[in-house]
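Have a look at the structure below, then the notes.
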Amino acid sequence: MATPWGAVFFLLMIACAGSTVFYREQQTWFEGVFLSSMCPANVSASTFYGIMFDAGSTGTRIHVYTFVQKAAGQLPFLEGEIFDSVKPGLSAFADQPKQGAQTVHALLEVAKDSIPRSHWKRTPVVLKATAGLRLLPEQKAQALLLEVEEIFKMSPFLVPDDSVSIMDGSYEGILAWVTVNFLTGQLHGHSQETMGTLDLGGASTQITFLPQFSKTLEQTPRDYLTSFEMFNSTFKLYTHSYLGFGLKAARLATLGALETEGTDGHTFRSACLPRWLEAEWIFGGVKYQYGGNQEGEMGFEPCYAEVLRVVQGKLHQPEEIRGSSFYAFSYYYDRAADTHLIDYEKGGVLKVEDFERKAREVCDNLESFTSGSPFLCMDLSYITALLKDGFGFADGTLLQLTKKVNNIETGWPGGHLSPAAVSGHLQLRLSVPLETCTSELLFTGRRGLGHFLQLRWRKPGLKPIDWLY
């Protein structure tokens, strides 16, 4: 999906000062979870590392984390992050899995350059794929993952069981919500005055919030709800991931490309594009020819009618979100920054209606379009339709668009991420001292998000156990 949280991605570091226990309302939530052992061979070593790959729909990103423990028995802290990325994403190599895995192999050189050779054998390496691979036929997705796993096994790093897997979309939303509300201090105490999160990736989109009214819980599909405990409080979240509703997947749906068998010799046209435009676009390894309506309508109203068909009646609309405020990131942030609705570095606060206003401005001036993305009108119109007619937000709903919370990155643009280093003293609470092994330090990542998070998950009928995802 978005990633690209990856979106998502920010890479996030969150520290949980106690166990986090999840209770899912259905038995099958995600696959490929695993335990990781980040135990240094020499338990007195003060520095250790972790490698996370985020395989998003538009690119693959590597994050190399450095942790330091200043004294035995003390909590380790995050000292820094090294980031790099390649495009296109793994899904573009659906028919060439070995070639796709080579993009991961190239990024492993970043890890080798960043981590002392003496630490290689005890540094775990993990790859989590998101919506891009979820959209592929299972056989092709698994072929890619198997090739990546072989690359990992040939590397000098520690390869945990199930180190390569596809992340469940809803988990992306949960991680984003926990991260933002933890970093803003909203999870401390018992007020539960939290903010919801919206993440828009390339292939999927997530919405997550803490319902305040029992009516919302009663009217919500059971598999949209997740309960967990943190800081002696219980949180029952509304969270759902919509596969195929990411920004770039929505372009294909708007163009009608998803309903057409074969793309050779076919040009997909839209009222959302400049009339004179004739171009090609590659997404998911497929080349699409597209252009404007040479004789037909053009502008906001006909464009909005096209994107409305993509979302109308297809998303659940919890009534209480109309009066709530949300954090929004990934492509929400990008398109707002691209059109100067917010400052690119600082972000800002918008109302839902601001996206519509900018969409009208851009779409009704397509004749004078000269630079930037030819999809800008379509993207802004889709974001407007997704927020208003998809999720059911009110025009006046406030959205906090941000890349960082307390100087920790929470999201990044899918596809054009730049190297970043995150420094700080975010302490991680380990359930056991480092000298007895940090097996409960969970190494997790998402499209836009990556986290190290101590987490305990319980499926119905099972005892709480420690998962790594």
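Numbering starts at 1 and runs along the chain as it is shown here.
In case you wondered, yes, glycine gets a Cβ from its N, Cα and C as well.
Since we're looking at a predicted model, the values are computed, not measured.
Look at Swiss-Prot and you will find 1-24 tagged as signal peptide, backed by sequence analysis. Look at Swiss-Prot and you will find Glu172 tagged as active site, proton acceptor, backed by similarity to another entry. Annotation source Swiss-Prot lists N-linked glycosylation site at Asn232. The disulfide bond annotation in Swiss-Prot covers Cys272-Cys303, Cys363-Cys377.
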Nearest of the recorded positions (Glu172, Cys272, Cys303, Cys363, Cys377) to the residue listed as 'N-linked glycosylation site', judged by Cα-Cα distance: Glu172
Entries of Glu172, Cys272, Cys303 which, being recorded positions, have CA atoms within 10 angstroms of Cys377 (disulfide bond): Cys272, Cys303
Cβ neighbours of Cys303 (disulfide bond) where a neighbour is any other Cβ within 10 Å: 29
Lowest local Cβ density (other Cβ within 10 Å) among disulfide-bonded residues: Cys272, Cys363, Cys377: Cys363
Around the Cβ of the residue listed as 'active site, proton acceptor', the count of other Cβ atoms that are within 10 Å: 35
Within 10 angstroms of Cys363 (disulfide bond), Cα basis - recorded positions out of Glu172, Cys272, Cys303: Cys272, Cys303
Cys272 (disulfide bond) to Glu172 (active site, proton acceptor) - Cα separation in whole Å: 30
